[in-house]
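Trainee: What TrEMBL lists as domain 'Amidohydrolase-related' is 62-401. Annotation source TrEMBL lists Zn(2+) binding site at E143, H211, H232. Residues or ranges marked as substrate binding site in TrEMBL: A154, N235, A236, R243, H272, L328, S329, G330. The annotation active site, proton donor/acceptor is assigned in TrEMBL to D294.
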Amino acid sequence: MPSNKSVSDAPITQFVNCRILKDHRLQWEDLWVREGKILNPERLFFDEEGFADHKVDCENKIIAPGFIDVQINGGYGIDFSQASSDIRGGVAVVAKKILEHGVTSFCPTLVTSPPDIYHKVLPELRVQDGGPEGAGVLGIHLEGPFISEEKRGAHPPKFLRTFKAGGVADLMETYGHLDNVAMVTLAPELANSAAAIRELSGRGIAVSLGHSMADLSQAEEAVQNGATFITHLFNAMLPFHHRDPGIVGLLTSDRIPSGRNVYYGMIADGIHTHPAALRIAHRAHPAGLVLVTDAVTAMGLPPGRHSLGQQQIDIQGLHAYVAGTTTLSGSIATMDMCVRHFREVSGCTVEAALEAASLHPAQMLGVSHRKGTLEYGTDADFIVLDDTLTVRETYIAGQQVWRK
């Protein structure tokens, strides 16, 4: 029997024989989709007396929300920090390819660059919905240049900046504008950073602490001013010390404002973070863990020399180094690899591994009312996985956009 047409002429698709990730657990339940949204079947049955137009047999596989990558510098030869002749085309290439990894939304990330690069690149990058052409863009992540010289990692020192006056003037002078920016990574110990943190968070832009020498009190003050995220925990920050745990101490701080959650990014590629450190972070604060790839230009490319922003990098096996050094420069891991590695080395549940790449980044960006869950009324961006957590199919707005 076809769906009742009194509410909508759009066809209804019912996904059957599946375990769907809902309310933090996998449960045997069908998934109903219409007009790109997840339907409440009870309303469909009782209010509309409707039924499915199409059924998809998932053959006992898992359906989970699509992955969201909030820190990805490029891939497949594309570098988001380069002012190429076709910036949008480059983003589109990566957006298309990462559908294979289960990523349905992402934040193109620019590393520390001179102002003229920001002024050329940022106007070309826009928030946009995903579809068959690729994953959606939730906004831009600006990682730098307001970071610590001592903890710059692979960021070029000559382009680092400080807050001269604080607040919006320094931000605008550097970036040109903040349209379509979702997230800014900065070092909270920089003088006059508090005004910038308040300005950004007041505009709905997530402020992340990273590439920083901050002690715990400086990090706590930044959170009280509106910061909500930590960029690649443990990497490019002071190491944990029992007398002053630094930024890492935010995971168990008792000075986080009531009702707020601090999230933290983890590069679970088996290189950037030791499994024991990954387990410590997860067990201390499981609800805040956000898996990120921090993938660079060379993701998906063969070993050799490639560019990242204003630097050259060498790919050796699964390692990406600043050329001629042993300084790590992002990763070449894919999000599905990170989910599987995190699950394996942390001993966490399948549900926790999947939510670290979907629900948590959506919550951190403030979009969990429409992304990162399979709740009724949310966008039907989801993936079909087998029991090894290998992505088999990717859907955006209820439409299959990739199949293995």
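Note that Cβ sites are derived from N, Cα and C of the backbone, with glycine treated the same way.
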Trainee: Assuming the binding residues for substrate are exactly those in the record, A154, N235, A236, R243, H272, L328, S329, G330, what is the maximum CA-CA distance in angstrom, rounded?
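Mentor: The widest Cα-Cα gap among those binding residues is 30 Å.
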Trainee: What residues, ordered by sequence, lie under 8 A Cβ-to-Cβ from A236 (substrate binding site) and sit at least six positions away in the same chain?
Mentor: K151, R152, G153, G210, H211, S212
Trainee: By CA-CA distance, flag whichever of E143, H232, D294 among the recorded positions is nearest to R243 (substrate binding site).
Mentor: H232
Trainee: Using Cα coordinates, what distance in whole Å links N235 (substrate binding site) and the residue listed as 'active site, proton donor/acceptor'?
Mentor: 11
Trainee: So which binding-site residues out of L328, S329, G330 end up within 10 angstroms of D294 (active site, proton donor/acceptor), measuring C-alpha to C-alpha?
Mentor: S329, G330
Trainee: Under 8 Å Cβ-Cβ from H232 (Zn(2+) binding site), six or more apart in the same chain: what's there?
Mentor: Q71, G210, G265, M266, I267, H272, V292, D294
Trainee: Check the domain 'Amidohydrolase-related' (62-401) for me and report the mean pLDDT.
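Mentor: The answer is 95, the mean pLDDT of the model over that range.
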